Amino acid sequence: MGNNINIALAGNPNSGKTTLFNALTGSRQYVGNWPGVTVEKKEGKTRYNDEEIVVVDLPGTYSLSPYSLEEVIARNYIVEESPNVVVNVVDATNIERNLYLSIQLIELGTPVVIALNMMDMVEKMGINIEVKKLSKMLGVPVVPIVASKKKGIEELLDVVVRLSKGEIEYNPCVVDYGKDLEEKISETIESLKLNPLAKKYNLRWLAIKVIEGDEKVLKTLNIDDEEESFEDDEISLLDDYESIIADKKYQFITEIVSKAVNKPKDEKLTTSDKIDKVLTNKWLGIPIFAGLMYIVFFMTFNIGNIFLDIIDAFFSETVSGWASNALEAVGAAEWLKSLIVDGIIGGVGGVLTFLPNIIILFIFISILEDSGYMARVAFIMDRAMRKIGLNGKAFIPMLMGFGCNVPAIMGTRTLDNEKERIAAILINPFMSCGARLPVYILFASVFFAGHEDTVVFSLYVLGILVAIIVGLIFKKTLFKGEGAPFVMELPPYRIPTLKGIFIHVWERVKGYLVKAGTIIFAASIILWFLLGYNFSGPADITESIGASIGKAIAPIFTPLGFGNWRAALSLVSGLLAKEVVISNMAIIYGLGETVAEAALEGDITGFASTLSNTFNQLTAYAFMVFVLLYTPCVATIGVIKRETNSWKWTLFSIAYQFVVAWVMSMLVFQVGSLLGLGL
Amino acid sequence: MRRSLKDLKPGQSGKIVGIKGKGAIKRRLMDMGVTGGTIVLVEGIAPLGDPIEVKIKNYKLTLRKSEAENIIVE
């Protein structure tokens, strides 16, 4: 294994880095998180001429500054893990800004190969890049590629392998920072030579970082931050070292670009520009956005629901039937049959039922992301989202929450600020997901006949209001302080590739499937046991441990108006998946499957009489409010754990939502009672 | 005449003189190519009035008015 060549892929977001990674590694990839943080880490393998090449995909970054998590991860990986070669993906259509990262990578000292991507686009735009000249001036190999068409990949690997073996001369360019700064750099290098902590690093890079006042580097070297005393209002601030260094880098790049890149004189409006003029238009921007969102929703739920019934039938009839027969044939015990058929197939199947919706939703999200529209959504919605301490990018996950909170929370990955991301995750479950709808429909039809729409709509609005209020509270308490700057690239529109979409969708769906196979699998078994057993063995549901739990916790719900064990137990079981509240109520109230099925299909007569005995209009509404707001289902809890990478936040999320739900529901019942409602 | 990027109207452009402030936001702006001497063109404003869209170094960038306020152009 020692002879593996380790390469790291670095590059700006939207430079085609992921496309190159996929082109290099194909299906041989492993996706995880960087240790201790929620930033995704992708690793893969490829072979070239009998050489095994391990490729690590670094987070897409514009720079290697110490301020963002991704940038620190990328630079630490290069500095600490010393890959043999850093492959820097550069978007040739946007070469000037992309080279800024290249210069920083070169400065780090690890051998760099530049993969000059999107050469086809460049040609189309009539731009001519003299690759050899560029390579000569940068002092590093430059390989033109078209990652999306897998062009130039072989050549790239060839250069990487030869460079890692020292078969290519490597004389990287050195940016001249001007006489004053260069003197300071030399001095700093001299003093760094005496610092044992500096030994393993490239001294020039380190010296530049020390002069810039880079906190992370100063800390590593145990140096106190001495300078930094500029006043905020001084315009002459361009003169601080950090600015001079950035300016010099850009001047160096401008020089190179002016020599190696020949642009056509007249800059025409590109197709992308024209599209943008319409999509972000002052008057059309919002209607178009609303229309697109409506289409996404319509497709996700309507097309998805066509499959929903098929999958549901597949699990509840075909698979269950097959399993029952098979288990009977081998003479399995009755309890085992019940465990497998009712517990596992019922539970896991119930969750897989939503798979089509999730796949469709993710296909659309991927299209929106890959086409470049997602950045425009953030642009259009930023002002509204900022009010609750989030930025525009958090809008989409919120909207997705109306479908299912699981993919929605996964969707917060697009937020690059950790604080904002956790805030977005924590308030997401207040967006009423599709699974809660059957509960509202049932209760609204029984208790608010004729006004179902208004009642259900009011719940959705309440969820949004609570999310906004909680968001505001978080902004003032838990996530205080400066929000992340909203400085974001608006990438040119591109036509998404089928392969790219497929990979995106698959990565996300895989996570969902894993969850169905683990957490939900386990939870289904536990719930089955709780509802079917007590301490002396198999028992009727009314005598089960579950019933005991229901009785024990029922008093908690007394101030909310539904302090009976059946309602309490339904809510507990709803933790498994919100939609099972109804089917479990049917079981718990002893009504049997058929009544529940009928209720879901709109025939509520069976339910109506029974529910009317324990609920009235007011308590029914309080109950719906509770279902809307309380602790999310296990699948959501699981995804919160995975995405926050923290038990602390997960437990917090479980607890605070319960409290919010309890308080809101209590207010509905108590205030309503005072007003004499619901009697 | 010196003024902030925030005061430019869509279609107007200016040459960057400097960035006020310090720390993460300033660094982020510089990393995105907002450096002295660069020409910046205001392309448009979001439908809700903020943020703004600018063209710089041949690509498009969006930033809030509160950030644009710190960018001095002439």
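Each Cβ is built from the backbone N, Cα and C atoms, and glycine gets one as well.
Of the candidate ranges A:112-134, A:388-410, TrEMBL annotates residues A:388-410 with the feature transmembrane segment.
In the structure shown, the C-beta of A:GLY11 has more C-beta neighbours within 10 angstroms than that of any other entry among the binding-site residues A:GLY11, A:GLY26, A:PRO59. Within its own chain, the transmembrane segment (A:618-640) is flanked in space by residues 351, 405-406, 409-410, 425, 429-430, 432, 435-436, 439-440, 443-444, 446-448, 455, 459, 462-463, 466, 511, 515-516, 518-520, 523, 557, 560-562, 567, 571, 574-578, 581, 611, 649-650, 653-654, 657-658, 660-662, 664-666, 668-669, 672-673, 677-679, which lie at least six positions past its ends and keep a Cβ under 8 Å from the stretch.
Contact count against the transmembrane segment (A:388-410) (Cβ pairs under 8 Å) is highest for A:422-449, out of A:283-308, A:422-449, A:455-474, A:652-677. A simple way to gauge crowding: the CB of A:GLU40 (GTP binding site) has 14 other CB atoms within 10 angstroms, across all the protein chains here. Ranking the binding-site residues A:ALA23, A:MET118 by C-beta neighbours within 10 Å puts A:MET118 at the top. Around the Cβ of A:ASN14 (GTP binding site), a 10 Å sphere holds 21 further Cβ atoms from the protein chains shown. Looking just at the domain 'FeoB-type G' (A:4-166), the mean pLDDT is 90. Same-chain neighbours of the transmembrane segment (A:455-474): 387-390, 398, 402, 423, 426-428, 430-432, 437, 440-441, 444, 448, 621, 624-625, 628-629, 660, 664, counting only residues six or more beyond its ends whose CB sits under 8 Å from a CB of the stretch.
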